[in-house]
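Here is what TrEMBL says about this protein:
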DOMAIN    94-132  domain 'F-box'
REPEAT    202-241  repeat 'WD'
REPEAT    242-281  repeat 'WD'
REPEAT    282-321  repeat 'WD'
REPEAT    325-364  repeat 'WD'
REPEAT    365-404  repeat 'WD'
REPEAT    405-444  repeat 'WD'
REPEAT    454-484  repeat 'WD'
Amino acid sequence: METDWMIEEQTTPKVASLTSLDTGVKPAPSGAAYVAERNTCLNLFSKWNETDQVEFVEQLLARMCHYQHGHINAYLKPMLQRDFISMLPKKGLDHVAENILSYLDASSLCAAELVCREWQRVISEGMLWKKLVERKVRTDSLWKGLAERRGWIMYLFKPKPGSQHPSHSFYRQLYPKIIQDIQSIEENWRMGRHNLQRINCRSENSKGVYCLQYDDNKIVSGLRDNTIKIWDRKTLQCVKELQGHTGSVLCLQYDERAIISGSSDSTVRVWDVNTGAMLNTLIHHCEAVLHLRFCNGMMVTCSKDRSIAVWDMTSTTEIMLRRVLVGHRAAVNVVDFDEKYIVSASGDRTIKVWNTSSCEFVRTLNGHKRGIACLQYRDRLVVSGSSDNTIRLWDIECGQCIRVLEGHEELVRCIRFDNKRIVSGAYDGKIKVWDLRAALDVRTPHQDLCLRTLVEHTGRVFRLQFDEFQIVSSSHDDTILVWDFLNYTGASPAPPAPPQPRWASPELDRAFYD
């Protein structure tokens with residue numbers, strides 16, 4: 001290319017005369033006397049040292065008008081430009097050029113490839129498209145999850161001993177395919193396109209799946225028949241059943257070591273996540289344990305007895321009660337916390353905020369017209385669902401309600417959010433997907449907030465969890481549904497089971513309503 005030759009071979013860009021920058025025509029000298037005087041000045045200028053030359057030019061510039069300064073500026077700009085990316089490899093500094101270009105985003109990297117052959121060589125030999133994909137995988141959970149699910153994570157980072165990664169062109173072609181995949185997933189969410197998997201939990205004594213949590217290998221569920229069942233993600237078969245509770249399992253959470261569950265039998269029980277063995281039983285609450293959360297050596301439980309218990313967890317067998325928080329005037333239905341605040345919600349229509357380290361009361365969030373059934377708290381944002389059929393978004397620092405979401409026809413029983421979406425489930429049997437970013441913008445009309453309503457459950461939706469690729473939900477209809485937005489094939493989902501009566505759940509209903 002002509003451009004390549006210019007950048008690689010020329011040390012000083014060719015610059016037109018001042019007037020030709022505007023007209024494209026080089027002006028003729030004003031006269032023979034001017035030419036003679038100019039040559040005399042140039043001869044004298046060339047004899048001076050650099051300091052004197054600079055001082056002389058400064059004196060000339062000081063005597064020029066603003067219009068002439070503009071011409072000088074336009075003349076100097078191309079002379080001051082340096083193609084440092086092409087120059088660095090010639091100095092043996094290829095790695096510096098690669099490091100500089102590695103900070104570019106995808107569109108800038110595309111543009112850099114077109115500058116010249118030398119830039120393209122630096123990008124190719126530096127494997128910069130591979131590094132860009134790796135940076136995305138390290139910093140973005142969507143990219144990380146997609147890499148693991150699609151299998152191309154095996155081509156990233158350090159290769160396995162004895163293996164070698166593909167060439168630069170592989171990653172150059174991979175990047176737009178990843179972007180297309182991400183756009184397809186986002187479109188599936190917006191349009192409600194999904195593949196549906198159904199786990200039938202119905203047993204002789206079962207009348208609902210109250211709680212669940214999942215990962216790539218398993219789904220752990222708590223049922224009304226007093227058991228915890230663990231399901232294999234691939235086969236959708238029950239691989240383990242934990243027995244010990246004498247009442248419905250209303251809440252649970254697990255990590256790599258333990259499952260901790262709360263029940264209408266008023267106990268909290270700790271189980272080995274691998275063997276299913278019961279490790280510990282905590283007896284403190286005098287009525288049903290409605291919700292619990294644990295993280296970083298701390299656990300918070302709440303109960304129908306209107307109290308909140310804060311526990312210190314040294315190990316699965318050493319869990320000590322630290323503090324009991326009292327202030328709600330009805331059953332405490334849900335808790336969440338981080339290192340700064342504990343947040344609780346109750347059938348008394350309020351959300352209360354407590355200091356995590358001191359356990360002192362901070363403030364009350366008022367606004368819901370009936371009892372609050374669910375909430376999630378992260379950073380400054382609290383999202384709550386109520387038996388007034390609404391969802392509210394709160395700023396926890398100032399206690400203000402940011403937005404009210406309306407659309408469910410019955411009690412909003414479960415709610416989760418990430419940095420893009422809110423997903424809610426209700427006693428009307430529906431799951432709604434909301435645009436979180438739009439909801440945080442007060443200028444967005446209400447009708448633009450709900451992206452999609454998903455209807456497959458034939459009973460009340462009790463619990464859900466979701467990530468970038470799927471929703472997993474459980475219901476009073478004794479099913480767990482997996483809504484897969486990643487692998488949508490266009491096939492119509494299997495028809496739901498015949499509708500069943502939405503009979504009452506005594507352990508729950510009296511808690512959620514006022």
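Quick reminder: no glycine exception, Cβ is built from N, Cα and C everywhere.
Same-chain residues lying 6+ beyond the ends of the repeat 'WD' (242-281) with a Cβ under 8 Å from its Cβ atoms: 208, 210-213, 220, 222-230, 287-294, 299, 301, 303, 316-317, 319, 507-508. Residues of the same chain lying 6 or more positions beyond the ends of the repeat 'WD' (202-241) and with a Cβ under 8 Å from any Cβ of it are 148, 247-254, 259, 261, 263, 265, 271, 276, 459-460, 462-465, 472-480, 503, 505, 508.
Broken down with DSSP, the domain 'F-box' (94-132) shows 30 helix, 0 strand, 9 coil. Per-residue pLDDT, averaged across the repeat 'WD' (365-404), gives 97.
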